Structures are given as C-alpha cells and as structure tokens.
Amino acid sequence: MGMLNLILANISSKPVTRLYPFEIRETCKEAKGRIIFNSENCILCGICQKKCPADAITVTKADKIWELNVFRCIMCTECVNGCPKNCITISCERAKTGAKEYIKILVPKVDTPKTDSPKKASSK
Amino acid sequence: MTTIIPFGPQHPVFPEPISLKLEIDNDVVVGALPSLGYVHRGLEKFIDTKDYIQTMYICERICGICSGIHGITYSRAIEKLFNIEVPERAQYLRVINSELCRIHSHLLWLGLFADGFGFESLFYECWKYREGILDVLEKFTGSRVIHSMSKVGGASRDLNDEQIDHIQKALDTLEPQVKNIEKVFVNNYTVKKRCVGLGVMSKQLAYEAGTAGPTLRGSGNAIDIRDTPDYDIYRDLGFKTAVGKDGDCYSRTKVRIDEIFESIKLVRNALSKLPNGEISVPVKGSPTGEAIMRAEQPRGEVVYYVKGNGTKNLERLKVRTPTFANIPSLLLMLPGVKLADVPIIVLTIDPCVSCTER
C-alpha cells in the first residue's frame, strides 16, 4: 500500500528538476552574483586592490586602468565595503557563461578639487 | 599469508582522495596504513602574504562543506587575541549560520552514506532536501557554499523579517522530510543489515583514541564543545547533546540524524530570541600574542591556534581538524572486518581530506 501511495504521489507531483537551459533558476536579491564597476566617481585610490584577498583587482594609476580578473574573484565583497566612493557594487545576477576573463575599464579623468596637504598647512 | 591492497585515493565511495593500504588475509582486514597528502595546498604558509582580515577568507576555503564554521572559529580566535566583545546579535547570527551549515553537511553525508551501500533513491532524497537549506543559506549569506557571513568583530550580514520568515518556513518543510528519511535509516532491513554491529568502538577506546564529533558521541561519550561554558550562547538556547550507545555504524548514523533535529530546534530558538542591536564592532591594529579557539563542526571538534607578532600578518596559524583526530580511530576500527565493509566504516567517520591536509 505504501508503494502504491508513492507511485501515485510521484505521478501527480511536479518534477523536482528544471529543464535547464530553458528554465533558468531565479536568484534571490540577496545573492552575490557578480561585481559591477562604475568608473564615473573612481579616484584610483587602490583601496579595493589592497583589500582584495585574492589579488583579483589591479589598479594602474599611471594609465588610469581598473582591472578585475573575474576568474580570481571570490565574491567576498571586501572591495564593495572598502570603496570610499561607492564605485563598486554587487549584482544578484550571475555572470553568463563565456564571459570575458577580464573586466578592464579605463577610468575617465575626474576633476578633484586641489587642497593643501596637512603638512603644508601646518608649516604655514 | 597476508596481501597488501591499495584502497583509494580514487574510489567510487570516496568523495575526496584518502588512500589506505589494507593488509588483508583471506578477505578479512588485518591492518591498515593511511596515506595523506594528495590535496595539500599549503594554506597555513599562504597566510604569510595576507593580513589577518584577509586570512578569514582563506580559512573559509579550507573546506567546502563546513566553510562557515571555519570562518566563525577563526574570527573568534582573533577576537580573543584582541579581547573584543562581539555584539549579542552577531553571536546569534553565527549560531544560526553554524547550525544551518550542520544541517546541510549531515544531509549531504546521509546521502553519501546511502550511496555508499547502494541505496541510490535514498541518496537522491537526502540531497533533494538539502537543496532547501542551501536556498536558505543563499538568501541569508548571499552564496550557497562559501558563505563569508562572519567577519572579525561580528557578522557581515544581518537578517530581516522576510529572511526570518523564509528560514522558518524552510525548517517547517524540512522537519517532516527528515523524519521521513529517518524512518528509512532506522528501520530499513538493508540499512540495518549493512550497519548494525559494524566498526564497533567501545566508549573507553573512543575516548582514549582522541576521537571527535559524532564518531565519539556514537560510542556513548556525551562530549560536545557546544555544551561548554565558553562556547557562545548554546546553553541559553536549550542545547542537548545527541548520544548513541552501541558505537557501531548504525549508532553514528542515528547520532547524525538526531543532530539535524537538534540543529533545527536551535535555529528556531535563536530566531525567536534574536536580540536587536549592532552586528559588528570595528577592529583595528595589529594583533600581538597567541590564542586558541575550539568549535564544534559537523564532523567534530576543530581547534584554531593563532599567533600575532605586532605586524599586519599573523606569525602562525595552525588548524587541527576533526578528520585528523578520527583517522587513528578509523585504523582501530578496521582490523577484523571484511573488505566489502571497509567503505561503510570509512564513510561513517565522515572523512574530509581537504580539511585534514589544508
């Protein structure tokens, strides 16, 4: 009798698995999917590079390049928390297969207001 | 006359490479010699190049199954070094994460164990139920396997009302499901035939061999780090140690199933008592001195030793994992059993070789 119940339950219930790739699982909004970099406010301070435990981020100040090696990134979100200008955010959408290995972004020139350094100010 | 045959490192029942040289005499095991080192990654040396905050992410990658508890234990060791009091809410969040990790680890093990003696449908059933807990962990911590929920000084993620509802609903669904598979593991004729009276360790021998975790408790020793005064808040949540009595494979399986129910109870209690307030405190400076921290992982007791010398890098990090403690007791269990029963006994200590070798 137990076996019959099991058969009937399996016939009437939905399949447990999905028909991937036709049905793609939706990620929840809290999920750590991929890093998104917005270069507009970036001041190339390099804090994200220092904080990254996997050495996935490279900031070249001379050439104004911000690079992320996607295959090295471990999604720890240390860079997201460390960025003083909130340039780095995390999206819940996962990176699609066949994504490029590197995210290489040229940071546009930002006009930062010139201020006297504290040493100069104190000497005066 | 005895023959020595290699068992592993690649074997259908092993999820990870552990190699045993078995000395057999006419299908009966006489002796066993382990051989480790196939997945050694040098993580303890690797921390020389990382600061103590980045080291937490390395510690989480020691193991894929109990990564959350590795991270939490390391964070607690560093907090002990700094003499920091972590906010109460963060402690509760750590307990919730630890217990959810334990549930998914035990369900994974039950599946692998069922697969070990050829019960494929039970294997799929266990892993199907585990998916629900992985979804909960994804909603709570942001990822399904490596959680990075803990950080030095507290927790990196908080729980809101929607997430609490999701966890409670998932646990309400999971409890009858685990009761369903418990019936099979406890009452099924085939399972009993393969497990009862196999790989017996007496209470005294298990204690003397330094066994850890469900393998120790399966032999009747009520020793659990969660039941000690220095371990977070488990006593406030009404924790009871699950203990077996026979010391065989069947007893160890029952201990793990009981622990799933105990973890469900602990998560429910923690959610109902979750206090308000901050989830982390800032930690600054470079640590000096040394500290030892213990924690109860799904497989047993893990010990972290950290030593700081005032620079930004730790001078030494040493981890003693539960599988390392369980290998000597495995070697004591094997003599006298038949070759066909060796995979069952090896699986019941829940070997995690990547933990052991690091």
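Just so you know, glycine gets a Cβ as well, placed from its N, Cα and C.
Any TrEMBL annotation is an automated prediction that lacks curation.
From a predicted model like this one, the values you see are computed outputs, not experimental measurements.
What TrEMBL records for this protein:
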type: BINDING; residues: B:Glu44, B:Val319; note: Mg(2+) binding site
type: BINDING; residues: B:Cys63, B:Cys66, B:Cys352; note: Ni(2+) binding site
type: BINDING; residues: B:Cys66, B:Cys355; note: Fe cation binding site
type: DOMAIN; residues: B:118-281; note: domain 'NADH-quinone oxidoreductase subunit D'
type: DOMAIN; residues: B:286-358; note: domain 'NADH-quinone oxidoreductase subunit D'
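Annotated features, which come from TrEMBL, shown on the structure.
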| residue | record | Cβ contacts under 8 Å, 6 or more apart |
| --- | --- | --- |
| B:Glu44 | Mg(2+) binding site | B:Arg316, B:Leu317, B:Lys318, B:Val319, B:Arg358 |
| B:Cys63 | Ni(2+) binding site | B:His70, B:Thr321, B:Cys352, B:Ser354, B:Cys355 |
| B:Cys66 | Ni(2+) binding site | B:Cys101, B:Ser105, B:Gln297, B:Pro298, B:Arg299, B:Val302, B:Cys352, B:Cys355 |
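Under the three-state DSSP scheme, B:Cys66 (Ni(2+) binding site) falls in the coil class. When the domain 'NADH-quinone oxidoreductase subunit D' (B:286-358) is classified with DSSP, helix, strand and coil residues number 27 helix, 28 strand, 18 coil. Take the mean position of the Cβ atoms of B:Cys63, B:Cys66, B:Cys352, the recorded Ni(2+) site; other residues of that chain with a Cβ within 8 Å of it are B:Ile62, B:Gly64, B:Ile65, B:Ser67, B:His70, B:Ser105, B:Gln297, B:Pro298, B:Arg299, B:Thr321, B:Thr323, B:Ser354, B:Cys355. The most crowded of the binding-site residues listed here (B:Val319, B:Cys352) is B:Cys352, judged by how many other CB atoms sit within 10 Å of its own CB. For B:Cys355 (Fe cation binding site), the count of additional Cβ atoms within 10 Å of its Cβ stands at 25 [all protein chains shown]. Within the model, the domain 'NADH-quinone oxidoreductase subunit D' (B:118-281) carries an average pLDDT of 88.
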